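Trainee: The feature domain 'Major facilitator superfamily (MFS) profile' is assigned by TrEMBL to 1-404. Residues annotated as transmembrane segment in TrEMBL: 12-30, 50-71, 83-102, 108-134, 141-159, 171-193, 214-238, 250-272, 279-298, 304-323, 344-365, 371-395.
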Amino acid sequence: DEKTIPDGGKFAWLCLTGTAACFFTSWGWINCVGVFQEYYKRVQYPDLSHSTIGWISATEMFCMLFSSPVAGTIFDNHGPRQLLYVGTFLHVFGLMMASISTQFYQTILSQGICSALGAGLLFNAAISCVATWWDKKRGMAMGITAAGSSLGGVLFPIIVSKTAPKIGFPWAMRTCTFIILALLSYAIFSVKSRVKPTKRPFKATAFLKPLRELPYALFGIAYFFLTLGILLPLSYLVQDAHARGMGVEISQYLVSLLNAGSFFGRIIPGLVGDRIGRFNTMIVLVFLATIFILGFWIPAKSNAALIAFAPCIGAATGASISLPPAMIGQISDIKEIGVRSGTMWAIGSFGALIGPPLAGALIGAVDGDFWALKVFGGGMCLASALFFVASRVALVGTAVMKKV
């Protein structure tokens with residue numbers, strides 16, 4: 001019965017392991033952007049500015065998120081199978097091409113566009129399938145799925161840092177790509193939708209329609225500011241650590257520590273959100289991220305402070321991937337999950353596009369210091385938290401204790 005969401009069972013759990021594999025290989029890879037951005041600036045493209053190098057991560061995030069409306073339509077019309085096949089090919093092919101790239105434009109085309117588009121198709125297939133199997137425990141299920149990205153974000157930087165000195169950076173990237181291919185082969189087998197596809201023509205207006213709803217529109221603005229702010233620690237923490245005197249060997253692990261913190265930030269908020277409300281949980285976490293950036297990262301000068309900051313900001317921002325889809329599912333018809341989720345991710349893509357290059361420009365504007373970047377990131381997180389509050393008020397009013 002399509003109307004009865006099982007919230008468990010053999011096939012639901014099998015699908016959940018496959019969606020976690022999709023997130024391991026897509027968001028888990030993107031979460032390593034700080035390692036690659038540091039390498040490209042230090043070794044491969046040392047003559048380029050921070051702002052220019054930032055376009056690699058910005059393009060990756062933009063293409064990954066902006067592909068969501070198209071991916072959502074394909075999912076609603078055909079299910080996840082086509083997304084998984086095409087996404088696997090593009091992601092793997094793009095990374096293989098990135099491993100042999102020697103020019104900046106080649107890196108943009110291969111890693112920033114081709115691989116990122118494939119990753120976008122994969123994570124959209126995964127997250128839309130989860131919503132068809134889980135309802136009351138959807139926050140938990142989204143958390144487990146998104147935790148796959150944290151595991152990828154922990155392991156990929158370690159693999160690169162351990163293998164690159166021995167076999168070279170290109171083969172280190174290929175090693176990661178072979179792991180991605182193996183996991184996606186399993187995902188193709190295990191990720192299935194419980195709901196039969198509903199044929200709908202692609203209409204751009206369908207993606208604009210949710211924005212007519214005030215709670216959704218405010219939610220979209222909040223998510224835009226969130227992606228504008230939370231990507232900055234992920235992209236620039238390693239470079240900031242170098243500027244503070246931290247050695248390359250230690251700083252490589254900051255991204256892994258950040259993603260280790262985000263592992264708990266993906267799962268625990270999902271469980272808590274199912275109990276006290278997903279909007280309530282998200283608001284608290286974004287305010288917490290604001291405090292960590294403005295009150296912790298700005299004054300952090302020593303290695304110990306930066307090492308402590310990494311898992312803290314990871315834990316606070318981990319729910320930025322797992323909770324928003326569950327929140328969208330909470331205010332959407334299940335047959336429109338693909339389209340409405342696609343609109344949300346597309347809105348976030350513009351924050352992801354302008355955030356890293358703008359942050360890089362801020363570094364250049366203050367003679368290579370990172371304080372302006374940190375103030376900007378904290379301010380964007382604060383704006384996001386306030387708009388999440390506004391979206392909650394639009395949904396249920398000012399009842400503070402209400403589960404939303």
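Backbone N, Cα and C atoms are what each Cβ position is placed from, and that goes for glycine too.
TrEMBL labels come from automatic prediction, so no person has curated them.
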Trainee: Over the domain 'Major facilitator superfamily (MFS) profile' (1-404), work out the mean pLDDT and round it to an integer.
Mentor: 91
Trainee: Are there three or more C-beta pairs under 8 angstroms joining the transmembrane segment (12-30) and the transmembrane segment (83-102), sequence spacing 6 or more?
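Mentor: Output yes: the transmembrane segment (83-102) sits against the transmembrane segment (12-30).
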Trainee: Mind checking which residues of the chain, 6+ beyond the ends of the transmembrane segment (371-395), have their Cβ under 8 Å from one of its Cβ atoms?
Mentor: 214-216, 218-219, 221-226, 228-230, 232-233, 236, 279-280, 282-283, 286-287, 289-290, 293-294, 297-298, 331, 351, 355, 358-359, 362-363, 365, 404
Trainee: Which residues of the chain, 6 or more past the ends of the transmembrane segment (50-71), have a CB below 8 A from one of its CBs?
Mentor: 26, 30, 33, 36-37, 40-41, 83, 104, 107-108, 111-113, 115-117, 119-121, 123-125, 202, 207, 227, 231, 235, 239, 338-339, 341-346, 348-350, 352-361, 363-364
Trainee: Pairs of Cβ atoms less than 8 Å apart decide it: which stretch in 12-30, 214-238, 279-298, 344-365 has the most with the transmembrane segment (250-272)?
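Mentor: So the stretch in question is 214-238.
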Trainee: May I ask for the residues of the chain that lie six or more residues beyond the transmembrane segment (279-298) and have a Cβ under 8 Å from a Cβ within it?
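Mentor: Non-local partners: 222, 226, 229-230, 232-233, 265, 269, 272-273, 305, 308-309, 312-313, 316-317, 319, 323-324, 327, 371, 374-375, 377-378, 381-382, 384-385, 388-389, 391-392, 395, 403-404.
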Trainee: Decide whether the stretches the transmembrane segment (141-159) and the transmembrane segment (344-365) have at least 3 CB pairs under 8 angstroms, with pairs required to be 6 or more apart in sequence.
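Mentor: Contact between the transmembrane segment (141-159) and the transmembrane segment (344-365): absent.
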Trainee: Run the contact check on the transmembrane segment (12-30) against the transmembrane segment (171-193): 3 or more C-beta pairs under 8 Å, excluding pairs closer than 6 in sequence.
Mentor: yes
